[in-house]
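Visitor: What follows is a structure written as structure tokens; I'll ask about it next.
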Amino acid sequence: MVKAVAVLSSSEGVSGTIFFSQEGDGPTTVTGNVSGLKPGLHGFHVHALGDTTNGCMSTGPHFNPAGKEHGAPGDDNRHAGDLGNITVGEDGTASFTITDKQIPLTGANSVIGRAVVVHGDPDDLGKGGHELSKSTGNAGGRVACGIIGLQG
């Protein structure tokens, strides 16, 4: 079992911890708790870079080793880092579990050292018709992020 963690930081009062685990070459399970967000859906993605020197803006685009368009987690045509939305309750918190086979913790396309980003708006899953739908899901600003680091 390989495990990883990302501790979210934010200039907007958002905080949280995201845990990743993978057994063998099976799918990766992502569990998280995030607080300080407005209620509703928020885009949730793995971005290509683990660089937070300029806050969440320096994490680069969505992790996309196959060079595909943005999409929903269940789509064949999607960025590997497209994890859809997290649902935030009226109290500003979200607790979630996501299982995904395109974000391994080992191998050539490992997400270790990359960043996880929570966005300010819902991800339209590439289907919104907006000019940004096929690249970012039109998910708005980057309100929190953390670098995915290996856990012992």
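For all residues, glycine too, the Cβ spot is worked out from N, Cα and C.
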Visitor: Which residue of HIS62, HIS130 does Swiss-Prot report at the same Cu cation site as HIS45, HIS47, HIS119?
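Guide: Checking HIS62, HIS130 against Swiss-Prot: the Cu cation site match is HIS62.
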Visitor: So if I draw a 10 Å sphere around the Cβ of HIS62 (Cu cation binding site), how many other Cβ atoms end up inside it?
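Guide: Total other Cβ atoms inside 10 Å, all chains included: 23.
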Visitor: Does anything in the same chain, at least 6 positions from HIS45 (Cu cation binding site), have a Cβ under 8 Å from its Cβ, and if so what?
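Guide: The answer is HIS62, PHE63, HIS79, GLY81, ASP82, LEU83, VAL116, VAL117, HIS119, ASP123, GLY137, ALA139.
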Visitor: Excluding HIS62, HIS70, HIS79, ASP82, which residues of the same chain place their Cβ within 8 Å of the centroid of the Cβ atoms of the recorded Zn(2+) site?
Guide: HIS45, PHE63, ASN64, LYS68, GLU69, GLY71, ARG78, ALA80, GLY81, GLY126, SER135, THR136, GLY137
